[in-house]
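The feature signal peptide is assigned by Swiss-Prot to 1-17. What Swiss-Prot lists as domain 'CBM1' is 18-53. Per Swiss-Prot, the feature active site, proton donor maps to Glu209. Look at Swiss-Prot and you will find Glu319 tagged as active site, nucleophile. As annotated by Swiss-Prot, N-linked glycosylation site applies to Asn324, with the evidence given as sequence analysis.
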Amino acid sequence: MLKYASIALALATLGVAQQQQWGQCGGIGWTGATTCVAGSVCSVLNPYYSQCIPGAATVTSSSAPSTPTPPAGALPRLGGVNTAGYDFSVATDGSFTGTGVSPPVSQFSHFSSQGANLYRIPFAWQLMTPTLGGTISQSFLSRYDQTVQAALNSGPNVFVIIDLHNYARWNGGIIAQGGPTDAQFQSIWTQLAQKYGSNQRVIFGIMNEPHDIPSISTWVNSVQGAVNAIRAAGATNYLLLPGSSWSSAQAFPTEAGPLLVKVTDPLGGTSKLIFDVHKYLDSDNSGTHPDCTTDNVQVLQTLVQFLQANGNRQAILSETGGGNTSSCESLLANELAYVKSAYPTLAGFSVWAAGAFDTTYVLTVTPNADGSDQPLWVDAVKPNLP
């Protein structure tokens with residue numbers, strides 16, 4: 001497992017430039033300002049990142065700050081893994097051929113025994129409703145629900161994200177922009193809300209990785225319609241609101257975020273409307289390479305600033321990951337340490353991926369046949385579970 005050296009920040013002399021609230025003020029390799037403007041405290045969040053957090057005076061800290069009090073109704077700190085399989089063969093244009101593969105249910109108890117408390121279970125729209133806008137397939141729902149229940153039963157505090165994994169599309173057409181109508185999109189969520197609305201540990205992942213959306217404002221209206229439909233069905237679950245550009249955490253503050261923060265909850269308040277973001281660590285942010293080139297801390301810092309400035313909202317990093325390589329073991333550990341330290345603004349993470357992926361998959365965290373874990377899980381994920 002990775003070992004971190006402790007960081008001690010020295011008091012800077014007067015006259016040195018000061019960092020603004022929420023700006024970086026220290027960390028391994030940091031060469032900028034190490035004092036904060038009046039009213040902020042330079043606090044160590046992890047060995048690579050210290051931040052100017054509003055406080056009583058400008059001081060430095062050699063240990064992480066106490067965890068902020070979560071707002072009423074906030075999600076608890078979460079950490080876990082995507083258990084893929086029912087999404088296999090969904091293309092990025094929303095087309096699908098296949099039957100899906102059931103994730104091994106033994107993985108849930110395996111990971112939960114180590115502290116995981118979040119499982120994201122993706123599925124193809126076409127498997128759940130073979131006819132667009134039609135009724136849910138009871139045979140598939142029974143199969144899918146067995147997986148959901150196995151995850152929930154693996155621990156009393158485990159949450160499950162049911163993830164519609166279709167890229168805001170059905171067979172090439174974008175929702176409300178030449179493809180499925182808003183009513184057809186709402187139909188599947190109405191039915192899923194009727195199924196899972198009684199269990200508050202089921203989080204509704206409204207859509208995986210919308211991308212190349214001609215009108216983001218139209219897409220946000222579609223998201224609002226899904227929220228309204230879920231609430232009209234009587235469900236009070238937490239909802240994950242997806243942005244654009246493949247749910248990019250980097251694009252969120254300037255692209256979809258300013259519109260998504262205006263989505264309202266018929267229940268009142270915003271504590272159950274959580275933003276859904278993704279960020280990989282390879283050279284092109286695609287999650288297709290075994291090596292990592294960034295820990296995304298600066299990207300996530302900007303996201304945190306945006307969320308705190310817009311109503312102290314929460315987000316989940318529901319996809320991130322890397323290969324079982326030394327670069328990813330180090331950089332993913334840094335990223336997840338920051339996510340954990342940024343609670344409650346960042347509610348948690350789920351790494352990609354286990355489930356029906358075999359151990360040769362480039363981003364696998366699927367346990368080996370002998371029950372041992374992948375190096376990435378041992379060195380980067382497990383130390384940062386809740």
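Every residue gets a Cβ built from N, Cα and C, even glycine.
Around the Cβ of the residue listed as 'active site, proton donor', 21 further Cβ atoms fall within 10 Å across all displayed protein chains.
When the alpha carbons of the residue listed as 'active site, proton donor' and the residue listed as 'active site, nucleophile' are compared, the span between them is 10 angstrom.
When Cβ neighbours within 10 Å are tallied across all protein chains shown, the highest count among the recorded positions Glu319, Asn324 belongs to Glu319. When pLDDT is averaged over the domain 'CBM1' (18-53), the result is 65.
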